[in-house]
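Visitor: My questions will all concern the structure given below.
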Amino acid sequence: MTGNNQTLILEFLLLGLPIPSEYHLLFYALFLAMYLTTILGNLLIIVLVRLDSHLHMPMYLFLSNLSFSDLCFSSVTMPKLLQNMQSQVPPISYAGCLTQMYFLMVFADMEIFLLVVMAYDHYVAICFPLHYTSIMSTKLCASLVLLLWMLTTSHALLHTLLMARLSFCEKNVILHFFCDISALLKLSCSDTYVDEMMIYILGGLISIIPFLLIVMSYIRIFFSIFKFPSIHDIHKVFSTCGSHLSVVTLFYGTIFGIYLCPSGNNSTVKEIAMAMMYTVVSPMLNPFIYSLRNRDVKRTLIRVICIKKISL
C-alpha cells in the first residue's frame, strides 16, 4: 500500500487482439503456424550461413544476425500471445512486463541498426568493389556487430530503468498484446515527463537517422550506377539490393504507418494491426525474401538438400 492508500500494481492484464470469441481457434492456429514458420525460416538462414563457407562474408554475417534478431523478436511476443488466447484471464507480472518491454526494444533496435549496416555493405560492394574486402574486413564487421548489440542493450536498459521507477496504482489493463512502452506510460500514476522526453529524443534519433542513412546509401548507389549505365550493372544492383529494399520497405512502412498516418477512432486497433506487421509478419517474411531473391542462399539450400538426399 502507498501513503495515499492506493494499491500498487503487481501484474497487468494484456487484452490481446480484438478477435471475436468464435474465431479464437482459427486465429490461434494461424498465429501458431506463423510463429513456427518464423522459427524454422530464420533458423534455416542461420544454419545455412554457418554451414557453407561461401557464405562466410560480411553480408551474410549481418544477415544471420538479422535472422537471429527476428527469431528472438517474434519469440518475445508470440508465446505469450498464444498463451493468452487460450486463457480467460491473460495476466503478466510486473517484472515479466518490464522484461518483455526490454527485449522488445533490444531486438527492434537491432533490426533497425542491422538494416543500416547492410545498406552500407551494399554501398561498399557496388561503389567500391575493388576495395570491398579491405574496407569490410572481418575485424570491422565483428566490431560493428558487437557495437550494435551494446547500443541496443544500453538503450533498452535505459528505458527499462526509467519505467521501473514509475508507480502503477489502479489501472492495470494494457490495450495491446504485448507490454508496449507507450501503453505502460498511460497507466502510470507517476510523472512520466522524463520518460516521454527520452522516447521522443532517443526514439526519433534511432528511427530517423538510420532511415536517412539507408536512403543516402541507396542514393549514392543509384548515382554511381547511372553515371555509367549498363544492363549488367543495373541487374547487379537489383539482384544485390532487392531483398534488402524489400525488408526495409516492410519494416519502415509499418513504423511510419503507426506514427505518421493520422489516427481515427480506431487508433488502438490500427496500432495493434501495425504492431502485428513488424513483430510477427515481418520476421516471418524476411527469411523468404532473402532466400527467394538471393542466389547464393538458394544455391546453398539446394546443395544441402541434395547432400541430404544422397546421404539417405
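Even glycines carry a Cβ here, placed using N, Cα and C.
When I checked TrEMBL for this same protein, it listed these features:
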- 25-48: transmembrane segment (TRANSMEM)
- 41-290: domain 'G-protein coupled receptors family 1 profile' (DOMAIN)
- 60-82: transmembrane segment (TRANSMEM)
- 102-120: transmembrane segment (TRANSMEM)
- 140-158: transmembrane segment (TRANSMEM)
- 197-216: transmembrane segment (TRANSMEM)
- 237-260: transmembrane segment (TRANSMEM)
- 272-292: transmembrane segment (TRANSMEM)
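Neighbours and distances for these, please.
Guide: Using a Cβ-Cβ cut-off under 8 Å and counting only residues 6 or more beyond its ends in the same chain, the transmembrane segment (197-216) has close neighbours at 109, 112-113, 115-116, 119-120, 155, 158-159, 162, 181-182, 248, 252, 255.
A Cβ distance under 8 Å defines the sequence-distant neighbours of the transmembrane segment (272-292), meaning residues of its chain 6+ beyond its ends; these are 17-18, 31, 34-35, 37-38, 41-42, 44-45, 63, 66-67, 70-71, 73-74, 76-78, 104, 108, 176-178, 180, 243, 246-247, 250-251, 254-255, 257-258, 298, 301.
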Visitor: Using a threshold of three or more Cβ pairs below 8 Å, and leaving out pairs closer than 6 in sequence, do the transmembrane segment (237-260) and the transmembrane segment (60-82) count as in contact?
Guide: no
Visitor: Take the domain 'G-protein coupled receptors family 1 profile' (41-290) and average the pLDDT across it for me.
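Guide: Reported value for the domain 'G-protein coupled receptors family 1 profile' (41-290) is a mean pLDDT of 87.
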Visitor: What residues elsewhere in the chain lie close to the transmembrane segment (237-260), defined as a C-beta under 8 angstroms and at least 6 residues from its ends?
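Guide: Residues 111-112, 115, 118-119, 122, 125-126, 207, 211, 214, 218, 221-222, 225, 270-271, 274-275, 277-278, 281-282, 285-286, 289-290, 293-295.
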Visitor: Could you give the residue numbers and ranges of same-chain residues that sit at least 6 residues beyond the transmembrane segment (102-120) on either side and whose C-beta is under 8 angstroms from one of its C-beta atoms?
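Guide: Distant Cβ neighbours of the transmembrane segment (102-120) are 59, 62-63, 65-66, 69-70, 72-73, 76-77, 144-145, 148-149, 151-153, 155-157, 159-160, 178-179, 181, 206-207, 210, 213-214, 217-218, 244, 247-248, 251, 278-279.
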